[in-house]
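Undergrad: Submitted below is the structure of interest, expressed as structure tokens.
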Amino acid sequence: MAVKFAAVALFLVLTITSILGIAMANKNCTTGGGGAPTWNHTSGGRVWDFWPKLNATTHSSKTITVGGLENNWRYGFNYSDWANNHGPFYFNDTLVFKYDAPNETQPFQHSVYLFKDLRSYQNCDLKRATKIADVKDGEGEGFKFVLTWKMKWPQQPWYYFACGEHDGAHCNDGGMKFAVLPISHPLIF
């Protein structure tokens, strides 16, 4: 019985001192004339208001050139490896696909497709994809795509990109495909 009483008493003492320690650590608490705490009421401090005020900001969105500045959207570059090594990608980041339109010196065409699901992406099934950029859209500043929240719970907002030219050969054989799972920006306190 005495051991049980001692354990309960110790628990109560530790709980009360922890609560007081947290409350007294509040930056809004000052000691008044008689040693009693006084509160800076302009900041809303109260005995129960000992949680820190959160000044949360988010990271700014980035503009990311797909493949990097030296590896524009082109055949023979492994974009899946690039995406794995350059993440994480966040919601509201902008992906920029830069590629030249076909001409005498650059006869190869490129485009950008967005697949509906993982299976069509893995098989480069263009019938289950939507063309989001044509062969001329990558010129100049490039084609810009913003990663937004597009799915309903519980689906994950994966984005599956690929080049759809030459009946999927650029996707299947040329490494011109990658997947992105954007995440929310972390908060900075």
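A Cβ is built for glycine as well, from the same backbone N, Cα and C atoms used for every other residue.
For reference, TrEMBL lists these features for the protein:
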DOMAIN    62-184  domain 'Phytocyanin'
SIGNAL    1-25  signal peptide
Undergrad: Where does the mean pLDDT land for the domain 'Phytocyanin' (62-184)?
TA: 90
Undergrad: For the domain 'Phytocyanin' (62-184), what are the DSSP-based totals of helix, strand and coil residues?
TA: 20 helix, 30 strand, 73 coil
